[in-house]
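**Q** Not my notes, these are from Swiss-Prot:
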type	residues	note
BINDING	GLY8, ALA9, GLY10, HIS11, ALA12, GLY13	FAD binding site
BINDING	269-283	NAD(+) binding site
Amino acid sequence: MYDIIVAGAGHAGCEAVLAAARTGMSCLLITSDLSAIARMSCNPAIGGVAKGQITREIDALGGEMAKAIDETGIQFRMLNKSKGAAMHSPRAQADRALYSVYMRKIIEEQDNIDLVQDTVTGLDVESGAVRGAILPSGRIIKGKSVILCCGTFLNGLIHIGMNHFPGGRTIAEPPVSGLTENLQSLGFRAGRLKTGTPPRIDSRSVNYSLVEEQSGDPDPRPFSFHTDSLGHRAQVSCFVTKTKETTHELLRTGFSRSPLFSGKVQGVGPRYCPSVEDKIFRFPDKNSHHIFLEPEGAETNEMYVNGFSTSLPEDIQLLALRSIPGLEHVKMIRPGYAIEYDFFFPYQIKNTLETKIIENLYFAGQINGTSGYEEAAAQGLMAGINASLKIQNRKPFVLDRSQAYIGVLIDDLVTKDIIEPYRMFTSSAEHRISLRHDNADIRLCRMGHEAGTVDFSSFTKTEYKISAIRQLRQLCDTMKLHPDQIISAMAGAAQQPPLQPIAISNLLKRPEIDFENLLVLSEDFRAGVNEITTDPDVFEQVVIDLKYEGYLKRDLLMTEKIARLESHSIPGSFSYATVSGLSNEGREKLTLHKPETIGQASRIPGVSPSDISVLLIKIGR
């Protein structure tokens, strides 16, 4: 018998099995194709707005995704650099093939993991708890816990024009049949979602004189806190072009053969990542849409056409592509397509990702209604950790909304009504000023170490960094600069420099003051800093904390206020039917979602402030 069985080796499954194995659990990873581990079936990229923050949080908790993209990335950029630090988001283009090879190698080299190439079509359940996984042959593999990371494979159906056929993730991969029906027989409620992917083109057929080059950052920052530098990495360029009105007219000619508009697609698609035909239908007044041409690897001619996701007929796809500047003679390697698949409404999971209906069964990734590699990987990591902790009879590991984007993600899943593929945005995180990509290790490394996924070396490295930040902050608070030095530091600034000596910490709160300039201006300050550290990441943390100090203090007060509600647990057996004073909608939503705390209950749509007041009185202040 295995401790933990993981079904599916996509981004959720990989992080789940690695997290569990690294905590000492005996694990089995079951996947239908061992050559497709961590396959990037859609865009060949990791990170982006909010997703980059999640990737660095995964790294801080001992996950693998950040290391994988550092090793296999072909272009690195920091998005939103012109905005405040809370909005900075790392993103990298990946070598799609190498990413999969890297992740398989890591899994094969990890102790405590066995691999089986097969498919899970059912669960062995006894007395309300999972006991193992059932394969198509009828064989039952016993396990103390099972984590389902099914991606888009559950009854997957691919659409290209009016043609549709079974498919699991790509056109060449079969779907998983039987598992949805097995879960429904156990009491789970399933829904249907849709996602899509654009065509791939031959990069040799692009006219580069008509497209705009988009290069990587000259001094790229690694995703992983354990990668020293990416300076040696040769980067490739992406390219930008636009659709035009002719493109839109050609696409409209295919609407009569569109599975999206004909009603053949029943699943709900992602609102914030619409297909190109949906964009021109919903925004008819917009004359053009940006198209990004992204290489799929350093050693392939295949190119991903970002912004052109479509399920229109192949002939329309090619005609429309060839109307775009730079693509007049383009060759299409693979058509775009839409895929429908089953998911399970996530009000049926706890914030540990264990299901409420079947004990020791965990859901992670698109089975919970999310989209995106990063969101899936984060769930896999948390499911793997919590499955391991439960087997060890240890306290569950739950991140709240003030601690991590991962906490926001999972809290949204268990409290909100998911009716379309969920993706993370910075706007989803009310504590985003504190949840930056640059401080993920400071926020989460200790928790990962306590959970067993972060080794002692990584933990001590982070603790040393935290100590250096405290010492440097103390130095900035105690050391002062004289007016003549301040005048030099503020040369050209709109504000008048102070006439009295001022603490460096107060000076650094001013937006025009640069830390590096102060090192040049004051030998004493430079000497004091060098005694503490030469790590630019430490400098960055001190400066950000000083410049955002007022905002961070307000955020802390809000966190403390919310924590008071989170401290009120709601028993799992609590019946809302007998509570007088609840609104009908509130009673219905609370019964459906079964929140674990009053704080969680307060975030369920349809539960009013007066409903929360009633609960506080009933459960006890």
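Cβ coordinates are placed from backbone N, Cα and C, and glycine is handled just like the others.
Keep in mind that what you see is a predicted model, and the values were worked out from it rather than measured.
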**Q** Counting only residues 6+ away in sequence within the same chain, which have a CB under 8 Å from the CB of LYS279 (NAD(+) binding site)?
**A** LYS286, HIS289
**Q** Ten-angstrom check, please: count other Cβ atoms within 10 Å of the Cβ of HIS11 (FAD binding site), all chains counted.
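**A** Counting Cβ neighbours of HIS11 (FAD binding site) within 10 Å gives 34.
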**Q** Across all the protein chains here, work out how many other Cβ atoms are within 10 Å of the Cβ of PHE283 (NAD(+) binding site).
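**A** Taking every protein chain into account, the count is 12.
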**Q** With a radius of 8 angstroms around the mean position of the C-beta atoms of GLY8, ALA9, GLY10, HIS11, ALA12, GLY13, what other residues of the same chain does the FAD site pick up?
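**A** My list of surrounding residues reads VAL6, CYS14, GLU15, ALA16, THR31, ALA38, CYS149, GLY151, ALA364, GLY365, ALA376, GLY380.
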**Q** Through the lens of DSSP with three states only, how would you label HIS11 (FAD binding site)?
**A** helix
**Q** Applying a 10 Å Cβ distance cut-off over all chains shown, what neighbour count does SER275 (NAD(+) binding site) have?
**A** 26
**Q** With the cut-off set at 10 Å between Cβ atoms, which of these binding-site residues ends up with the most neighbours? Options: GLY8, ALA9, ALA12, CYS273, GLU277.
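**A** The most densely surrounded of these binding-site residues is ALA12.
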**Q** Quick check for the class: what is the C-alpha distance, in angstrom and rounded, between CYS273 (NAD(+) binding site) and ALA12 (FAD binding site)?
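**A** For CYS273 (NAD(+) binding site) versus ALA12 (FAD binding site), the Cα atoms are 21 Å apart.
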**Q** What whole-number Å value do you get for the CA-CA distance of GLY269 (NAD(+) binding site) and ALA9 (FAD binding site)?
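**A** Checking the Cα atoms of GLY269 (NAD(+) binding site) and ALA9 (FAD binding site) gives a distance of 24 Å.
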